[in-house]
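Listed features, source Swiss-Prot:
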- 10-97: repeat 'Solcar 1' (REPEAT)
- 109-199: repeat 'Solcar 2' (REPEAT)
- 212-297: repeat 'Solcar 3' (REPEAT)
- 16-36: transmembrane segment (TRANSMEM)
- 66-86: transmembrane segment (TRANSMEM)
- 113-133: transmembrane segment (TRANSMEM)
- 174-193: transmembrane segment (TRANSMEM)
- 215-235: transmembrane segment (TRANSMEM)
- 272-291: transmembrane segment (TRANSMEM)
Amino acid sequence: MSSKATKSDVDPLHSFLAGSLAGAAEACITYPFEFAKTRLQLIDKASKASRNPLVLIYKTAKTQGIGSIYVGCPAFIIGNTAKAGIRFLGFDTIKDMLRDSETGELSGTRGVIAGLGAGLLESVAAVTPFEAIKTALIDDKQSATPKYHNNGRGVVRNYSSLVRDKGFSGLYRGVLPVSMRQAANQAVRLGCYNKIKTLIQDYTDSPKDKPLSSGLTFLVGAFSGIVTVYSTMPLDTVKTRMQSLDSTKYSSTMNCFATIFKEEGLKTFWKGATPRLGRLVLSGGIVFTIYEKVLVMLA
């Protein structure tokens, strides 16, 4: 069994294009889970609304129309496309910088560091502003007097109004929890994927510069998604609260953590874990599979 890896630098443009296509496809397919997760995180503790994500999706679609579960979807797709492109570009670039100069191997620790760097990069460049728009739109849709929905102004004008109202500081409010979440997400997700992929390649004596089969890639990506959800959910909940329309009630990220814990309890940090699990399991499988396939096509 070979213990050596062939160093394979990924072309930056190919990495960005493959990541962007994977991100766009994943966003279109999994958005209802993202919608349900965000709504569950915004539901008041005293509310009698169902906490079952499938029931929430069904009732929302039934009472408000199927389009209601895609509120904020355009912003999410654009953000996810940019995010995934930046993520894989950053990960592959940092990964190649951290490889062992003699063997081309990337240790588990270095894989986590590469994921951490990619997560920080994507959080500032793409995730924070687009997540702020998505969260505000979902929150606004459920309010008694929606400002950015059902006003006859159209999607583009409503999005523009929201961006103007929030301003730069509003779009980047919550950048700390977003950066913490994305850094943790990608450190766990990409680090886990890279490590398991390497173990499989070592076990099967497969070349390190070739992707796994589509089935294995999907399974490894899905498993990485499961690990990511439960280890980073508290950061995701705080991020959502800091980007909601009521975010001004929290003076800082730490104050948000403390307030949720004091007023709603520890379990609240994992509210929305089930739909997020559904999305990230699918997301992990879809993103890594499409990414690997597109890289092969572009090679």
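The backbone N, Cα and C atoms fix where each Cβ goes, and this holds for glycine too.
Predicted, not measured: the structure shown is a model, and the values here were computed from it.
Remote same-chain residues near the transmembrane segment (174-193) are listed as 87, 91, 108, 111-116, 118-120, 122-124, 127-128, 131-132, 220-221, 223-225, 227-228, 231-232, 235-236, 238-239, 242-243, 247, 253, 256, 284, 288 (criterion: CB distance under 8 Å, separation of at least six residues from the stretch ends). Sequence-distant contacts of the transmembrane segment (113-133), counting only residues of its own chain at least 6 positions beyond either end whose CB sits under 8 Å from a CB of the stretch, comprise 72, 75-76, 78-80, 82-84, 86-88, 90-91, 94-95, 98, 106, 159, 162-163, 166, 170-175, 178-179, 181-191, 194, 239, 243.
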